[in-house]
Amino acid sequence: MTTWNSLQPQVTPQVTVKYLVTLSKNVNHSLSHCLQCARVSSRRWLNLQEYQSKKLMQESGVTVQRFYVADNPPDALQAAKRLNAKEIVLKAQILAGGRGKGVFNSGLKGGVHLTKDPSVVGELASKMLGYSLTTKQTPKEGVEVKTVMVAEALDITRETYFAILMDRACNGPVMVGSPQGGMDIEEVADKSPELIFKEVIDIFEGVRDDQALRMAANLGFKGPLERQAADQIKRLYDLFLKVDATQVEVNPLGETPEGQVVCFDAKISFDDNAEFRQKAVFAMGDMSESDPTETEAAKWDLKYIGLDGNIACFVNGAGLAMATCDIIDLHGGKPANFLDLGGGVKEKQVYEAFKLLTADPKVEAILVNIFGGIVNCAIIANGITKACRELELKVPLVVRLEGGYYKLLLNATAESDFKNALRRMHTLRLC
């Protein structure tokens, strides 16, 4: 066992990781593979269902399809009848993409169905609600569908792309549009960059009439539709400001044979820092599809993403956390997670982080890599002490503390408790 006092200067982070890797099994895959196999993306950020985004747009005067939401088949049937539309689209509401090509464990194929007969909506909904829908973006077991959206199906004569987003290079919001919508905008930018149009928005003036009209013309809207599209663009910017969005993306922004400009599908991203003044919006957040560990981590303000390795990482700072994952991979290991404690970490957060890491059955060793710039190393040490004492850790632990309050910690009363707690581990390396 290497203790605080017998530590030699030549013990580097690289040596530490080499040592840690020898404790783990199954070390043949690269970090890139780990990232590809990461659990469904972290739900730390606000996620809204399609109908919720459409509701926000409706409230800002943006034109969307008429729709209702139902959580049982009879209500879905009644909604279809109330629409009194020529054609109806029934959509399963989950956060993952690829619904149209998904499969339910009820046997129904497709999470999006079109019909001209309202009477079949109830039957279709009965094969969606309460059943799991599996798509390319869901876990293997799929995601249970709890609500469906019953909407008026509209014909689209032309599809365009439009978005408002924050652009760091412009120090504010910009409008981005293309007359080629309904497809991957990155593909358009790659193959036909001349079809991507951009307008910088003055944060004090907002979207000017001439900017909105110019963007509408660039999107290919003509005649009365140009003015109508410009009006929709200005309303979307109002929504962008109203909900503290970082991005409002409409794909497609289409025109119908009846001469309407309609936002058929939209994605809204929100500024998490604005939660204190957007409580109603954030209360709509759907956490049901979140990974339970990532949801719990978010409660303690821990930035956590689960990976498929077996070496748990306990790090402060996103850059150091990524570098730690890289160095584990470099020496043949597999990170079990990405975990950034952040700069203002408290002892309770350290303890809760250990609870999360040790609850993962895949974890066979834990690497603590702390650089105390803002972080007080004594807080980390006290949290680890508490975790070792109360959680009865059963896996090897490697600890590296360096920086703020490190020297004071060496002489602190807590030192003996820290060492004694660590001695109870199966294997220890402290550097």
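Each Cβ is built from the backbone N, Cα and C atoms, and glycine gets one as well.
Remember, TrEMBL labels are computer predictions, not curated facts.
Taken from TrEMBL, the feature domain 'ATP-grasp fold succinyl-CoA synthetase-type' covers 47-254.
Per TrEMBL, GTP binding site is recorded for Gln65, Gly98, Arg99, Gly100, Leu154.
Sequence-distant contacts of Glu87 (site 'Important for substrate specificity'), defined by Cβ-Cβ distance under 8 angstroms and a gap of at least six in the same chain, are Leu114, Thr115, Lys116, Glu152, Ala153. If you look up TrEMBL, you'll see Glu87 (among others) marked as site 'Important for substrate specificity'.
Among the features that TrEMBL reports, site 'Important for substrate specificity' is placed at Asp155 (among others). Counting every protein chain shown, the number of other Cβ atoms lying within 10 Å of the Cβ of Asp155 (site 'Important for substrate specificity') is 11.
Taking a C-beta cut-off of under 8 angstroms and a sequence separation of 6 or more, Asn251 (Mg(2+) binding site) has the following same-chain neighbours: Glu159, Tyr161, Phe162, Ala163, Gly181, Gly182, Ile185, Asp265, Ala266, Lys267. According to TrEMBL, the Mg(2+) binding site annotation covers Asn251, Asp265.
Annotated domain 'ATP-citrate synthase/succinyl-CoA ligase C-terminal' per TrEMBL: 315-403, in sequence order. Taken together, the residues in the domain 'ATP-citrate synthase/succinyl-CoA ligase C-terminal' (315-403) have a mean pLDDT of 86 on the 0 to 100 scale.
Neighbours of Gly373 (substrate binding site), defined as other CB atoms within 10 A of its CB across all chains, total 12. Here TrEMBL flags Asn316, Gly373, Ile374, Val375 as substrate binding site.
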Within a 10 Å radius of its Cβ, which of these binding-site residues (Gln65, Asn316) has the fewest neighbouring Cβ atoms?
Gln65
What is the three-state DSSP composition of the domain 'ATP-citrate synthase/succinyl-CoA ligase C-terminal' (315-403), stated as helix, strand and coil residue counts?
41 helix, 21 strand, 27 coil
Rounded Cα separation (Å) that holds between Leu154 (GTP binding site) and Asn316 (substrate binding site):
50
Can you grab the distance from Ile374 (substrate binding site) over to Gly98 (GTP binding site)? Cα atoms, rounded to a whole Å.
43
Whose Cβ, among the binding-site residues Leu154, Ile374, Val375, has more other Cβ atoms within 10 Å than any of the rest?
Val375
So the record assigns Asn316, Gly373, Ile374, Val375 to substrate. If I measure every Cα pair among those residues, what is the longest distance in angstrom, as a whole number?
10
